[in-house]
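Everything below concerns the one structure shown next.
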There are 2 protein chains.
Amino acid sequence: MFSFAITARAGRARTGVFETPHGPVETPLFMPVGTLGSVKGISPQELREIGSQIVLGNTYHLLLRPGPERVRALGGLHRFAAYDGPWLTDSGGFQVMSLGHMRRISEEGVVFQSHINGDLIELSPEKSVAAQEALGADIIMAFDECPPYPAAPEYLEESIERTLRWLERCLEAKTRPDQALFAIAQGGVDLKLRRLSAQATVSFDTPGFAIGGLAVGEPKEAMYPAVELSTRLLPEGKPRYLMGVGHPEDLVASVALGVDMFDCVYPTRTGRFGYALVPEGRLNLKLTRHLDDPTPIDPECDCYACRHFSRAYLAHLVRADEMLGLRMLSLHNLRYLHRLMEQARAAIREGCYGEFAREFARRRFGGEVPGWFRRALEEGGHWA
Amino acid sequence: MFSFAITARAGRARTGVFETPHGPVETPLFMPVGTLGSVKGISPQELREIGSQIVLGNTYHLLLRPGPERVRALGGLHRFAAYDGPWLTDSGGFQVMSLGHMRRISEEGVVFQSHINGDLIELSPEKSVAAQEALGADIIMAFDECPPYPAAPEYLEESIERTLRWLERCLEAKTRPDQALFAIAQGGVDLKLRRLSAQATVSFDTPGFAIGGLAVGEPKEAMYPAVELSTRLLPEGKPRYLMGVGHPEDLVASVALGVDMFDCVYPTRTGRFGYALVPEGRLNLKLTRHLDDPTPIDPECDCYACRHFSRAYLAHLVRADEMLGLRMLSLHNLRYLHRLMEQARAAIREGCYGEFAREFARRRFGGEVPGWFRRALEEGGHWA
């Protein structure tokens, strides 16, 4: 039910098809984040139109509102949110750390205060799996701890071992055969611990594996060796999901190293802040100079915003805090990342991922390609 | 260029076609308000899909941001906002009164402070027409004063006379033959003054006439005699536009009396506040009881929200202040009013407007049809 077939390779990059009960998805792919069961401002029809393949829901948020049992009674996320393509839910672990107040971590799980109303809530491997079974996503995530950066090696090690015990409990608690549980390898940017975590995690042989605990504030120079090591240690035949990663340059560099899946609030959040992703980086539409510009955000883009609206109009809407502006920038930014992954898949199929990534870098970075990006391409076999 | 052909009548209600340079529109109709050049949260494609025929832009708001000359340079509202159907702009007069600070009215015009940045701005008949010519709408409105309710008869009279002198100056200032300027009859709820204003206004023979100064806080019992008198005095062969009116029951009662056009922020604003229009009134989606309801807002409605989402999901989105919820309620509420006017047009064509309006009242008011509604139907010849 959850087979993964790699259809082409270029260096360490690969493209493939992952089967889910709600249809196949092509990797590498970017997943829009539908925090509370909606990708902010975007309709299910628009998600289809811009090429979204999997939508991510946050168990932490859905646990607080509207509650997993309510979602189950209304047909699970697919019917509740009227998006019948594949869904993925995270375990809640990450947001307990970032949003919960007064959290207390023990062997049993985590107790925290809701950021909405202060209620004391317990989350454990069993409770997370039960919530994710009620929500009904196609892919569910193991309940893990995502330690902050920096973290002391002793704490990291302790956390990794607890996360492994929690993984075992998640797999024991899981009952639905129509959901794939992905394990998450941790280890921060400590390569010894990352190796230890990846190797132990892989032994559980889940249908996919995630790389967690990165992009939490560490420099790129520390993050990429951890990505590189992880994709070497995670099995070839399973999808690899780099959690919470989201900037275009990170997608291109990580695909070079063999990552298959990504998610991030970046495209929608930066859109709501008035920024539009373009090959050269991002446009700040709050700047006065855009107010008279009749050109679209990106003449190469095929999204509704780029086909209909000028930078001038969108800049006006952003400045006036008009909902349509925020909606259109979110739509465009998601389409930008989906198109980037479509281009990556095509380049892998045509055996020219290196050319694609170097052309991306030329436009994104101009003359100065950063060392971490170049090294990722080199280690991926894309920089001859 | 701006012909109005009445195609059917039922009592005093009529349905017809008004020609504009951007296509014909069928009356009676409701115009969504695109305050700053966008109907909050709604795309031009969606406006087409839900049956919007004319979009209204607010000259006051567009004067402050992004500025009429900027809109002109970007192709006028039609191209700037990527909606190439008919547009109407108001004159700015109404919002100067409701939003401007420290306004000072003189024979010349109005000086006010921008509510955005405190800049001192002058608006006069000539400046309003120039701004509206730059914005480029198909229908532009005379610069008038909309006195508050209640207002002293002496003040009302003085204001009516000034508004008539301003109308004359607007018509002299107007240069574009591809724009129709509608005059506005005032007079508050004082029937003597309303008659005086309507008769004097009609003599200017503009391609359409508006009824201004109503729905500003007066009771319905005072408003409807003024509507009834106005539609009797305004010419049969020109469209009649009741400004700022917007509640479903007001549309049905006013069409009965021969009104052809309406505009109001009500459907989008009440949507953003979490309310959905239904035949029985409106649903407050913030109420807990909707959180488990799998039915759509209105099973009779064909809008995207009603075809895809449950009350439960929309109630969840509203409660979590999710943009998609506000967007979907705005979309549904606009569709509700457009559908109501489609049904009104069909009923007039079929000669059964009275049945339509009474059936509307039965669902909207239950057993207790208010006197003002019944009298409007009686005076319109729809309550035998």
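Backbone N, Cα and C atoms are what each Cβ position is placed from, and that goes for glycine too.
Annotation source TrEMBL lists active site, proton acceptor at A:Asp90. Per TrEMBL, active site, nucleophile is recorded for A:Asp263. The substrate binding site annotation in TrEMBL covers A:Asp90, A:Ser91, A:Gly92, A:Gly93, A:Phe94, A:Asp144, A:Gln186, A:Gly213. Annotation source TrEMBL lists Zn(2+) binding site at A:Cys301, A:Cys303, A:Cys306, A:His332. Feature annotation from TrEMBL assigns domain 'tRNA-guanine(15) transglycosylase-like' to A:12-364. Taken from TrEMBL, the feature region 'RNA binding' covers A:244-250, A:268-272.
Sequence features annotated in TrEMBL and their locations in the structure.
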| residue | record | CB count, 10 Å |
| --- | --- | --- |
| A:Ser91 | substrate binding site | 30 |
| A:Gly92 | substrate binding site | 27 |
| A:Asp144 | substrate binding site | 31 |
| A:Gln186 | substrate binding site | 26 |
| A:Gly213 | substrate binding site | 32 |
| A:Asp263 | active site, nucleophile | 22 |
| A:Cys301 | Zn(2+) binding site | 19 |
| A:Cys303 | Zn(2+) binding site | 24 |
| A:Cys306 | Zn(2+) binding site | 23 |
| A:His332 | Zn(2+) binding site | 25 |
Task = For the residue listed as 'active site, proton acceptor', just count the other CB atoms lying within 10 A of its CB, please.
result = 31
Message = Nearest of the recorded positions to the residue listed as 'active site, nucleophile' by CA-CA distance, picking from A:Asp90, A:Ser91, A:Phe94, A:Gly213, A:Cys301?
response = A:Asp90
Length of the line joining the Cα atoms of A:Gly93 (substrate binding site) and A:His332 (Zn(2+) binding site), in Å = 30
Task = Provide the three-state secondary structure of the residue listed as 'active site, nucleophile' computed with DSSP.
result = strand
Ask   = Rounded to an integer, what is the Cα-Cα distance in Å between A:Gln186 (substrate binding site) and A:Asp90 (active site, proton acceptor)?
value = 15
Note = Fewest C-beta neighbours within 10 angstroms among the binding-site residues A:Gly93, A:Phe94 belongs to A:Phe94
Request  = Write out how many residues of the region 'RNA binding' (A:268-272) are helix, how many strand and how many coil, based on DSSP.
outcome  = 5 helix, 0 strand, 0 coil
Inquiry  = Cβ within 8 Å of the substrate site centroid (A:Asp90, A:Ser91, A:Gly92, A:Gly93, A:Phe94, A:Asp144, A:Gln186, A:Gly213 excluded): which residues?
reply    = A:Met97, A:Met141, A:Ala142, A:Phe143, A:Glu145, A:Cys146, A:Ile184, A:Gly212, A:Met243
Remark   = Surrounding the recorded Zn(2+) site, with Cβ no more than 8 Å from the Cβ centroid of A:Cys301, A:Cys303, A:Cys306, A:His332 and those residues left out, we find A:Pro296, A:Ile297, A:Asp298, A:Asp302, A:Tyr304, A:Ala305, A:Arg307, A:Leu331, A:Arg335, A:Tyr336
Inquiry  = I need the nearest neighbour of A:Ser91 (substrate binding site) among the binding-site residues A:Cys301, A:Cys303, A:Cys306, using C-alpha distances.
reply    = A:Cys303
Task = Report, in whole Å, the straight Cα-to-Cα distance of A:Cys306 (Zn(2+) binding site) from A:Gly92 (substrate binding site).
result = 35
Request  = Mind computing the max CA-CA distance among A:Asp90, A:Ser91, A:Gly92, A:Gly93, A:Phe94, A:Asp144, A:Gln186, A:Gly213, which the record assigns to substrate binding, rounded to whole Å?
outcome  = 15
Message = Of A:Asp90, A:Cys303, A:His332, which is closest to A:Asp144 (substrate binding site) if I measure between C-alpha atoms? They're all recorded positions.
response = A:Asp90
Request  = Sorry to bug you, but what's the C-alpha spacing from A:Asp90 (active site, proton acceptor) to A:Cys306 (Zn(2+) binding site), rounded to the closest Å?
outcome  = 32
Note = Cα nearest A:Gly213 (substrate binding site) among recorded positions (A:Asp90, A:Cys301, A:Cys303, A:His332) -> A:Asp90
Query = Over the region 'RNA binding' (A:244-250), what does the predicted model average in pLDDT?
reply = 97
Ask   = How far is it from A:Phe94 (substrate binding site) to A:His332 (Zn(2+) binding site), counting Cα to Cα, in Å?
value = 27
